[in-house]
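Swiss-Prot lists GLY62, ALA63, THR64, GLY65, THR66, GLY67, LYS68, SER69 with the feature ATP binding site. According to Swiss-Prot, the domain 'Helicase ATP-binding' annotation covers 49-435, on the basis of sequence analysis. Annotation comment: Swiss-Prot describes 453-606 as domain 'Helicase C-terminal'. The domain 'UVR' annotation in Swiss-Prot covers 674-709. Positions annotated as region 'Disordered' by Swiss-Prot: 635-654. Taken from Swiss-Prot, the feature motif 'Beta-hairpin' applies to 115-138.
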Amino acid sequence: MAFATEHPVVAHSEYRAVEEIVRAGGHFEVVSPHAPAGDQPAAIDELERRINAGERDVVLLGATGTGKSATTAWLIERLQRPTLVMAPNKTLAAQLANELREMLPHNAVEYFVSYYDYYQPEAYIAQTDTYIEKDSSINDDVERLRHSATSALLSRRDVVVVASVSCIYGLGTPQSYLDRSVELKVGEEVPRDGLLRLLVDVQYTRNDMSFTRGSFRVRGDTVEIIPSYEELAVRIEFFGDEIEALYYLHPLTGEVIRQVDSLRIFPATHYVAGPERMAHAVSAIEEELAERLAELESQGKLLEAQRLRMRTNYDIEMMRQVGFCSGIENYSRHIDGRGPGTPPATLLDYFPEDFLLVIDESHVTVPQIGGMYEGDISRKRNLVEYGFRLPSACDNRPLTWEEFADRIGQTVYLSATPGPYELSQTGGEFVEQVIRPTGLVDPKVVVKPTKGQIDDLIGEIRTRADADQRVLVTTLTKKMAEDLTDYLLEMGIRVRYLHSEVDTLRRVELLRQLRLGDYDVLVGINLLREGLDLPEVSLVAILDADKEGFLRSSRSLIQTIGRAARNVSGEVHMYADKITDSMREAIDETERRRAKQIAYNEANGIDPQPLRKKIADILDQVYREADDTAVVEVGGSGRNASRGRRAQGEPGRAVSAGVFEGRDTSAMPRAELADLIKDLTAQMMAAARDLQFELAARFRDEIADLKRELRGMDAAGLK
């Protein structure tokens, strides 16, 4: 039976057109060598009971390492409903996506985060008369994953999307996205030239030389496309104006992967509109422009009026000619046909109305959701006031908390330390999950004096490194983390520094390298907390634990302590000269859970087992097409090469495929890495001159990865 008919708790949206969207059925099925254990069976049963009883909000208080992700997968299997899982940052979203993908291999588990590696928003500083133009660097792989998420949501029901707070930002309406998609069937009459025009209308570009994502090429009666959301290319073979065959094929080798009878090509951008809607939008923009110009001129703001007239007229002309312009999202209100002040369409509107929302690390994620709107609107008001944007640009924004709450149905909050909002929604009730399936208990907490703390820390690090274990060190400031990293390097310790400027996929890669043993110590500030799943870490060192504040609150300390809870010999060392209230609360809660876990183990004869977790991440999915690529002159895949993949039979030695056969770039000095980039650039240009474009593309990918490595070294102050 459909959930909507049994329980009226559904998500509402003025943009959702469910009756127009026919999604393929699909059955969620968990594939796992393990059955629920510890507190998991009781927690899954209780969550299912509460949700089926129609409770709108449910809290799962799950201690670190108790398998909240696995519990979520089993709950999804029980409920059989499309699910949005929200995580507080990209790193945790990547980790969650990978875990759910492993447990739900036959279903669509998608990843939806901001696609910017670098983003400088458009802004105007009135005090200094400084206009800052929007500048950004888009990660092509992450953009593909975003398109993959929206196309899956409009095509099937067995979908889980793992997203960051990016999911509450404006996106094109699902109806426009669907209406502008192109459905193709074998035997159907479709004029070839008409299809090419349709593809151009939805922002695909024709490129017969360089075949990349979001482009198509034409060879006689054959059209080949790489959709914006696919790793594979699509081949359409015509006989006259009739579609004779449809294939999925490898974009580089041309090898046919499978033949299909029908398929749908979704647009290359989420901001699309048909000719009629675009014409209507242009008229509305011109009307608003005239009103705003009259308003500015009546106030004597002639400079602002002229600036707005030039910028907007240019954008209008671009939209008329090519159906798109830079910054088109600022006109989304007109393109969507919305009224002033109304919220934009977001990823939430792509879900069916009976979807389930799971908020991971809710004590962090919930406040994030509520804070996005104010930061965005203050910047936009300045742009509008000084003639850089029309007032309607303010309606290209994230949702407010009230709008978000109105668009969601039933919600499960996951956290080891639930916040006040979640508990208030459930009247203080929660489902508890503190017993780990592996029998692991919470780590022992040791408080040490700050005098001689660095020497003590170095001794502890060396002990752990000798036992092939890892260490996390958390500091209060970026400067302290940088200085500590430099000092540890001077002392001959293999250490890296994780900070907010490291781009999305590189951040995941650093954590993966820590688990692989490429280095022993990871120093961070606020990134070494919620959800980081690192079983090899046996020691977490908290410097300045007695400095009260956001980073040393009881919730923060409990989360940080949890990073050592996945190792049999896990310990937490707090360096402090006094025990604060927050420290006492965190230590007491850890001891309470530890006592309960030990009692359960003794009663059931359980011997704690070390967690053996496969070392994999979202990178495996992002780059897996490289493994299927035919070996050209350089051999192997460039993108995997710079990541130092391990050779079979040599688990301790990181080696590279491709251009760097036998060389470990992660251990290269900075100067050598810079020389290598220069050398590869010359080889890339030579390959391009010789028309060896596939080889040149390999070099390009290598260079991009190495430059990211170089930026990371510069940021960490490595030589």
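Quick reminder: no glycine exception, Cβ is built from N, Cα and C everywhere.
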GLY67 (ATP binding site) has how many other Cβ neighbours within 10 Å of its own Cβ? 25
Determine which residues of the same chain, besides GLY62, ALA63, THR64, GLY65, THR66, GLY67, LYS68, SER69, have their CB within 8 A of the center of the CB atoms at the recorded ATP site, and list them by sequence. THR71, ALA416, GLN433, ARG436
Take the domain 'UVR' (674-709) and average the pLDDT across it for me. 85
Identify, among the binding-site residues THR64, THR66, SER69, the residue whose Cβ has the fewest other Cβ atoms within 10 Å in this structure. SER69
GLY62 (ATP binding site) -> DSSP, reduced to three states, gives strand
Assigned conformation of SER69 (ATP binding site) - DSSP reduced to three states: helix
